[in-house]
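Data first, discussion second: the structure below is written as C-alpha cells.
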Amino acid sequence: MLALFLESFLSIKIEDSMAVHTKNIESYIVYMGESSFSPLSSTGESSSELDVQHMTKSHFDLLGSCLESKENVQDVMIYSYTKCINGFAANLNEAQVAAMKGNPGVISVFENKERMLHTTHSWEFMGFEANGAPTLSSLQKKANFGEGVIIANLDTGKVLSLKLQGKNLNSVHIGSLPIVILSYIFWLRTITIGVWPESKSFNDEGMGPVPSRWKGTCQAGGGFKCNKKLIGARYFNKGFASASPTPIPTEWNTARDTEGHGSHTLSTAGGSFVPGASIFGYGNGTAKGGSPKAHVAAYKVCWPSDNGGCFDADILAAFDAAIGDGVDVISMSLGPHQAVEFLQDGMAIGSFNAIKKGIPVVASAGNSGPVAGSVAHGAPWLFTIGASTLDREFSATVTLGNKKFFKGSSVASKGLPAGKFYPLINAAEARLPTAPAADAQLCQNGTLDPKKVAGKIIVCLRGINSRVVKGHEAELAGAVGMILANDEESGSEILSDPHMLPAAHLTFTDGQAVMNYIKSTKNPTASISPVHTDLGVVPNPVMAAFSSRGPSLIEPAILKPDVTAPGVDVIAAYTEALGPSELPFDKRRTPYITMSGTSMSCPHVSGIVGLLRAIHPDWSPAALKSAIMTTAKTISNSKKRILDADGQPATPFAYGAGHVNPNRAADPGLVYDTNEIDYLNFLCAHGYNSTFIIEFSGVPYKCPENASLAEFNYPSITVPDLNGPVTVTRRVKNVGAPGTYTVKAKAPPEVSVVVEPSSLEFKKAGEEKIFKVTFKPVVNGMPKDYTFGHLTWSDSNGHHVKSPLVVKHA
C-alpha cells in the first residue's frame, strides 16, 4: 500500500497557502519501495508511532544530505510516505534530483506530474433487476448488496465535463479519481474530488456499525460530517500547492465536493437506495450504487485546474492512507494524459502496493478516444475500464419545415411548445461582422449577432468550447433554442447535457442534413420536442467515442482496456454548491445529474468488484478481474456485435474482453489467477532487472532465465509481433464444481491457432491446469495490422470462460 502522509501524527511544516517557487526547482516524488512497517506488511510486523518517526527522520536525513542547509528541509518537504509506501515528495532542483537518483536506497525519482480526471437504470441494464425488483440471478441479491464492504474513492473538488464540454477529450477528463476499497464486509472508498455528505445517497439509514478494522478518519473542514454510510473523508493538496503559481485559498482545505464529480462517482459505486431520483424529472427511478449497502470513504486529490489538478504526490498520499485505513477496493477515475512507464507513474506505483495487500484497484481508461493507443492505464495489476452506452436515452426530436425529423439528445431544464415551429439559422450565418465565421459556427463567446439570432433556433457545431456554453451564448443572443450538431470526429456520439435553453444534440450525419436543409430554402423552420425518457433502446451498448482505446503504448502485449461498462448519461448524486452546467451563473440546483466519461464507467465496476468480494472474500484481485473479464459479453441487445461510435463493429481495443455481465461473474467456473511473483516476472520480461525489482518489491527475487511476456497469466491473450510460430502459456484455476472443460477457438484472420491440451479435467475446487496456445501466420506478407479472435473453455454446467485473442502480423 502506498505510504501516506501522517496527517494526524506528523506535522510536516508547509504553510497552507504557500509553495516553494525557486528557479529550476520542481516538485518530485522519491520512491523507495514498500514501507518496512506497513500496517499490512507481508512480514506481519505492525508499525508503531516510534517506527513511523524513525522512517520519517530517515526521509528528512536523506533529503537534507543533498541540500545546502539542513535547516531548509522542512521548507522543501511536501509529504513523507510511511504507512504502506516508503518515500517522500519534495521540491528539488536538477542537481538534487541527480543526487537522489544516485542513492542506492532510491528506486525511482519522478516529477510530480498533473493528472486528469477521467444511476437509476444502469444496474437494470446489466441484469441486476427487472421492473425495479432484483432478479433471481442478481449478483446484488446474492451479495446482500455489498453489506459490510468499504469503498474508497479517489476524486476531486472540481468537475470538468469530459468531452461534454468540447471536442478535445484530452482536456476534459471529469474531476474524479475514485479508489474503491471493498472487503468481504465491503468498504468502498474513492480517491476523488470529494463528496457532498448531505446527499441522500450517503444517508446511513439501515446501515450497520462501522467495521472495527476501519482505521480512517473524517477530516475536518467545510462543515463536513461523516456517518455509518460515509465513514471517512480526507483531502490531499500539498502536491497541488507545490506546483501552483499562486497560494491556494484556505477554504479549499476540505473533503467537501463543490463541483459534483466525486459525489457522482462515489454514489455510483456504493450509494444508498434513493427512490424518486431524476434530473429535472427525466430518468425517474431509484438511484443506487453497485454495492448500495457498502460503507464508503472519499479521498479528495484533485483541485481546480485547467488540466485536471490531480498531482502524483497527492495521489500517492491518498493511496498510502487508503491502504493503511484498511479498505477493500479502490476506485480511481483519473489518469495521465497518455500512458506512462510504470515506475514513473504514481498511480501504477500506488496500485501495485495496494494489490500486494490484496486490494483490487479499478481505474478509468481515459477520455481521449477514439484515437488508437490513447488508453491511460496499462499496468496489468490495474483493472482498466472503458465506457459505453446503456439502453436509456433522453430524446429531443428535431422536426424541420420539410417534415423530416431527427432524434437528438438532451436534458434541458425547459422546452419549447410541442409542435411549434420557429425560424432556423446556421450559426455561421448569424455572426457579428467582426467575428470569423468558423468561430461563430462553434457559437463561441461574443461571435453571435442578436439581430440575426433573436427568436430563432440556432444550429451550433460541436467542438472547442463547452456544449452547454454554446447554448448559453445562443441564449444571450436571443435564441429560443439550439440544435447542437456533431463534428465529423464525434460521429454518432450524442450526449444529454443540462442545457439552459431548449436544445437537442444531433449526430454528424443528422446535423449535416439540417444544415443542408437551411441552404435549400429561403425560410427554414424547425421545432424541438420536449425531452422524453426512452428505455429499451436498440442497439446497446455502443462504445462511446471518447473512451480511450488500445493498444497500450507502454506494453502492447497486455490488452487494455480490460472491459467496458455504462459511462454515458449516467444519473447519480451531485453537489448542491454548483449548477448542473457547472457555469458560475447557473442558479439551478439538482441533487442528481447525468454525467458521461470513463469516470462514470469505472465506479460501476468498482461496485461490482465489491459485490464479488462479499461472495468470494478469499479471491485475489486477479481472480476477481478474471471473473469479470471472462464472463463479459461482446453481443449487444440487438443480438449482434457491439458497435463503435462510428457505427462499425467495435474491437477489443475499444471494449477489452467485452461489456461487464456481473451476474455471470459470480460463478465464472475458471479464473486466471496471478500473484505478486507473476507481476515481478512481468516486470522482468518488460525490461527491469532483478536488483531493481528487489528494491521495488521489497522481497527476495531473481529474474527467471528467458523471462517472457508470453507466459504472463492474463485473462486476455495478445501477440503484438507474429512473424512465425509463437506459443503462449496460461494457467487456469477451478473455482466451481469438478468437471471437464473443452476449448473452442475462433482464430484471427489468416492465423492458425492450436490449443494444447484441448480439454482440461478438474477434480476439485482450487485445482490448477496449464495449457498452451500456438499462433502461426497462415500466409506470409500480411499487412502489419491487428486482427482479433477469441478462445473459450466450456463445461457441461453452463460455464463459458472466454478470452479475446489479439494478434498483430509483424
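Each residue, glycine too, has its Cβ placed from N, Cα and C.
The domain 'Inhibitor I9' annotation in TrEMBL covers 27-118. The predicted model assigns the domain 'Inhibitor I9' (27-118) a mean pLDDT of 81.
Positions annotated as domain 'Peptidase S8/S53' by TrEMBL: 147-658.
TrEMBL lists D155 (among others) with the feature active site, charge relay system.
Per TrEMBL, the feature active site, charge relay system maps to H261 (among others). In the three-state DSSP scheme, H261 (active site, charge relay system) falls into the helix class.
What TrEMBL records for 439-513 is domain 'PA'.
TrEMBL lists S599 (among others) with the feature active site, charge relay system.
Annotated domain 'Subtilisin-like protease fibronectin type-III' per TrEMBL: 712-807, in sequence order. Sorting the domain 'Subtilisin-like protease fibronectin type-III' (712-807) by DSSP state (H, G, I as helix; E, B as strand; all else coil) yields 0 helix, 60 strand, 36 coil.
If you measure from the Cα atom of H261 (active site, charge relay system) to that of S599 (active site, charge relay system), you get 9 Å. In this structure, S599 (active site, charge relay system) is part of a helix by DSSP. The Cβ of S599 (active site, charge relay system) has 40 other Cβ atoms within 10 Å, all protein chains considered. Around the Cβ of H261 (active site, charge relay system), the number of neighbouring Cβ atoms within 10 Å comes to 38.
Sorting the domain 'PA' (439-513) by DSSP state (H, G, I as helix; E, B as strand; all else coil) yields 23 helix, 17 strand, 35 coil.
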